[in-house]
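Report on the following structure.
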Amino acid sequence: MMQGNTCHRMSFHPGRGCPRGRGGHGARPSAPSFRPQNLRLLHPQQPPVQYQYEPPSAPSTTFSNSPAPNFLPPRPDFVPFPPPMPPSAQGPLPPCPIRPPFPNHQMRHPFPVPPCFPPMPPPMPCPNNPPVPGAPPGQGTFPFMMPPPSMPHPPPPPVMPQQVNYQYPPGYSHHNFPPPSFNSFQNNPSSFLPSANNSSSPHFRHLPPYPLPKAPSERRSPERLKHYDDHRHRDHSHGRGERHRSLDRRERGRSPDRRRQDSRYRSDYDRGRTPSRHRSYERSRERERERHRHRDNRRSPSLERSYKKEYKRSGRSYGLSVVPEPAGCTPELPGEIIKNTDSWAPPLEIVNHRSPSREKKRARWEEEKDRWSDNQSSGKDKNYTSIKEKEPEETMPDKNEEEEEELLKPVWIRCTHSENYYSSDPMDQVGDSTVVGTSRLRDLYDKFEEELGSRQEKAKAARPPWEPPKTKLDEDLESSSESECESDEDSTCSSSSDSEVFDVIAEIKRKKAHPDRLHDELWYNDPGQMNDGPLCKCSAKARRTGIRHSIYPGEEAIKPCRPMTNNAGRLFHYRITVSPPTNFLTDRPTVIEYDDHEYIFEGFSMFAHAPLTNIPLCKVIRFNIDYTIHFIEEMMPENFCVKGLELFSLFLFRDILELYDWNLKGPLFEDSPPCCPRFHFMPRFVRFLPDGGKEVLSMHQILLYLLRCSKALVPEEEIANMLQWEELEWQKYAEECKGMIVTNPGTKPSSVRIDQLDREQFNPDVITFPIIVHFGIRPAQLSYAGDPQYQKLWKSYVKLRHLLANSPKVKQTDKQKLAQREEALQKIRQKNTMRREVTVELSSQGFWKTGIRSDVCQHAMMLPVLTHHIRYHQCLMHLDKLIGYTFQDRCLLQLAMTHPSHHLNFGMNPDHARNSLSNCGIRQPKYGDRKVHHMHMRKKGINTLINIMSRLGQDDPTPSRINHNERLEFLGDAVVEFLTSVHLYYLFPSLEEGGLATYRTAIVQNQHLAMLAKKLELDRFMLYAHGPDLCRESDLRHAMANCFEALIGAVYLEGSLEEAKQLFGRLLFNDPDLREVWLNYPLHPLQLQEPNTDRQLIETSPVLQKLTEFEEAIGVIFTHVRLLARAFTLRTVGFNHLTLGHNQRMEFLGDSIMQLVATEYLFIHFPDHHEGHLTLLRSSLVNNRTQAKVAEELGMQEYAITNDKTKRPVALRTKTLADLLESFIAALYIDKDLEYVHTFMNVCFFPRLKEFILNQDWNDPKSQLQQCCLTLRTEGKEPDIPLYKTLQTVGPSHARTYTVAVYFKGERIGCGKGPSIQQAEMGAAMDALEKYNFPQMAHQKRFIERKYRQELKEMRWEREHQEREPDETEDIKK
């Protein structure tokens, strides 16, 4: 029996996700607690005080002298809690040590809070272990274990009398337990410290009857309180009925050696429980109902009451361990679910185990429903009002984040009894395991594999084979596998480039003709196939590489685990949770009853062969909702073996869900020697313990449950009897089956969810099986969404609607045409053959129960996404080695590798996932806003352009929600150009601007960057769509060049400019000498002449003396002032020894510097702008007009150095002023550094962005006029565009004036003049926009006016104030 009880303690192993004790018999240190390395400590925790507890020799009185009014006096055979303890010195050592003694034990970091364990159970009465004197005769075993002792035995602490129903063991602090279903175990650190008020014992303390009010930071938000209240009301009547089961049901999941009269498992009355019909029970229920709203401050410390209500606290409708929804999301409360349903009914039990008192409980449910509605209407407003008044700060996002972090903290867990299926004897262990399977477990595995594991294969083998007819695509694939795809420009790596090769209709008909198909409207999965054809149409060469083919660089085969052990030393355990909980909380979760407790499915445990360190959270969009998949390192449940996990995985993922294309080994290792899957999964059926821990159901109990449930849905021999059942009895059975997954081995698909079960007999002469009704979803390829006619009509409808919205006058005929198209679309949607929702009716003959419900399948479909995410980030660590830089922000590296065509759908064959979700997932998932897919991704259309470009910049750096690498490519392009320009400028001091530009073009062109990307093997790490987008080599090389620029931008963004320079230099030159020359360039020639400073020359140079005035004006003192002089030297000036040349080379460098600084600013402060939008903003910021305006405001024209001897003021052209500013930027960078340039542009350039955005200066007049004209196009005709004609040319050749007119639809709408044709066209377009009433232009003005009314007022006031200042100055002078 002691061996059986060893499953209730966790042992720790260093460096792994499971605990494992080391050491010999006798006194050993306290069990080390586990804390994952990648979790931060939320609150400072004090280490627990180690103590040795010697239980008293005689049992103490469990009840106080004055019994509690809510309970009956204790019965003579009542089992006290805690059970009496024998003295440690009297009893012999147990035959099996508490933890197996392993050498070289290493202590691990503790949990944030060490778990509290009840005391050691007394030894079993057996011939070798006599009963303890003084113990009551009915005393049995208790399933808890105490941590091993660590010090010599001190005198036992005296037991202090308390006025409570039960006495707590010293291992528990006497505190009120939090609701275990929503909060992780988190004690106050002071609860583990010696109490100052307790002089009798230094190891425990007594708290006041009610705890002090919580701090504001620890209170729950009103939404969470409502969540608790609604959930508690909903399942209020379930906690009591679970105890009143028939005897055979209570004994069902238990080993025979534990079913004895003297064990702890006895009837309800033997436990001292109040009878169900006693009036004190009703009184206690009323008190609990009034008190439960304030249960954080008042909760009975009775442990028995906690056990009685633990199932209600956890919630029957919670089938997954979930975290709260993030800030900004509306949580889906159980109370809201109750209010929205027509008929309220509690969750039903599964597998046809019905309580004999269901009729009485139904009356109580109805009564509870009425009381709930009364309480809700009377007390909700007042209660929530008071809460919100007291705690307004709880609505802040940081509070929600704190609650989420607390929920994600690991909790201590334990396993249920091993029941002789596992042995934890250290002499039986193999390798680094802590548990090894016994012969009894081996027999269970053989039975499971025989009855369930091979059932599908046997059924398929019994059916006649079917060879589908070959199509043109099959023949083409066979030919392409023989002749490999060449890498020239015209070659293709996909056979889908020719549309005539593949006939979708023929492929769909072929799948419909399968003889084993279960129903015409149920779609099934075939390996490597989608619903409309093969998944991969790539050539044999292309299939050997790429993440899209599930080939992750750096992966190696894993040595197989030992099947009959838990391999605790080499596996890392993680608990998987999903947030928000929408669509993962079901009203009929999968529940397993064992040992008079109900274990609810909460998700999956994942066992990895390597620690998942430095891997970000997995985010995925499903049901139009952004989900986050968390994997939290936790203590490992010990009672499992790897073979049991694999048997369950094959049963669920292969036989039930039919995920044939989900490969956890990798295609490269399929033909290699046997290797282990990279992850093992274990379903978590848990019950919450009163002290914040969890009890996880052992794996063998799950397999036994599946074997028990494996029986016919409607047995043939009982069908006549079932048809004679009363209507109520049949409804009970049908309700139990609703949401259950049933399987018909050998069919396609094999498994389906039951939504209704009908027994109507249409032919009185023939008895037919009941009908299974399943509500499914037709694949998009076969519904109206995939119909070519519907798509064409939809496009024409949207186009016409847009034209009418922008038309100045809408004709009645156009309105009728739009209504006709809308009606035609509606008719197509309502066709039975085109509707997405279908109703499937199947005969229940041949269907078998599986024991699982849709919640298990719902969570199982998240696992392929998570495994793909983890494997991809593990292979990115291999990329870190290739580039020589380790990213701290792993999401940034993933973003750099993500092509715009990539979409993370399901982590595997998308049609397989959709089919399995439709067949076995929840019936009616709740969908979010469909805009979530393109909310931050859409960039087409004039309205989208105006909407995005009207957004002002963020004050603080904000992360972008655009999840591809185009923005990083925009930044990386500027970084590459800057690095190239700087190095060329310094390495070739005598080369003019034209030569420098030629060299730079050769380095930064895409063809060369693709070669550098090939050195890093970026094509093996890139994420892009598995389709024809990048099949051609030219397209792939272009994408690789963009990916390389994005990678450089990511290195610059996270690392520094120096890191980007080193990476670029390593890739440019393989030769170390050339690389050294490139990286260590010389100083500027003016700096080489005067290494320290040249300001001593100011005294003898009038030119330099004048430049000191400019230095004082801008507040920057140059170390080498001759650099500033060269920046202001125009190219008309000949060579001189002061400047050693003119400013044309500096202009080349300054342009690249300004591009980089402006690009970085826009990238950081405009997170919602795509690459094209950022380019428009940068063009409005870094252009000749803006640069000339800044140069003029700074007075640079006064300091320009020319060859004019008269020293008369000369009006410089716009281009010349812009060149002066760019040269000054280069001089500032050479003399100082890039930080000075950032500051200069922060002051002189970036504040102008607001004005540019409000005035829409980012859009030049010609582009704006063309956009307005295109909105007025007529359907079915070529769009009219504005035409420009030169009317007149006046003046000499060096000073001509051009007159240009613009025409639209044959009508002149504007005219303009300018010194060049381009400027004259701009003037004509501006004149047309002002005179012609374009609806689009009016819409843009109204949009900006409504959005920024206050900003526009302030801007106009500032402009008027600036215009009045010169006039006031002139008046003062007069």
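Note: Cβ is positioned from N, Cα and C throughout, glycine not excepted.
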Residue from S66, S201, S300, S355 to which Swiss-Prot assigns phosphoserine: S355
Per Swiss-Prot: Mg(2+) 1 is bound by N1042, E1045, and from E966, E969, E1147 the site also lists E969
Do you know which of H549, H1038 Swiss-Prot groups with C536, C538, H1026 in the Zn(2+) 1 site? H549
Matching residue for the Zn(2+) 2 site, where Swiss-Prot names C561, C676, H680 - out of H514, H609, H774, H802: H609
In Swiss-Prot, the phosphoserine annotation, restricted to S263, S280, S373, S483, falls on S373
Taking DSSP as the reference, which of helix, strand or coil describes E969 (Mg(2+) 1 binding site)? helix
Quick check on the binding-site residues: of C536, C538, whose CB has the lowest count of neighbouring CB atoms inside 10 Å? C536
Select the closest residue to H549 (Zn(2+) 1 binding site) from the following binding-site residues, measuring between CA atoms: E969, N1042, E1045. N1042
The number of other Cβ atoms within 10 Å of the Cβ of H549 (Zn(2+) 1 binding site), counted over all protein chains shown, is 17
E969, E1045 as binding-site residues, winner by CB count within 10 A: E1045
Taking Cα atoms as reference points, which of the recorded positions C536, C538, H1026, K1215 is nearest to E969 (Mg(2+) 1 binding site)? H1026
Within 8 Å of the Cβ centre of C536, C538, H549, H1026, which other residues of the chain have their Cβ, at the recorded Zn(2+) 1 site? L535, K537, A542, R543, G546, R548
Work out how many Å separate E1045 (Mg(2+) 1 binding site) and H1026 (Zn(2+) 1 binding site) at their Cα atoms, rounded off. 22
If we count other C-beta atoms within 10 Å, could you say which of the recorded positions H1026, K1215 has the fewest? K1215
What DSSP gives for H549 (Zn(2+) 1 binding site), in three states, is helix
Measuring Cα to Cα, how many Å separate H1026 (Zn(2+) 1 binding site) from N1042 (Mg(2+) 1 binding site)? 18
Close in space, distant in sequence - N1042 (Mg(2+) 1 binding site), Cβ under 8 Å, 6 or more apart: H899, N965, E966, E969, N1006
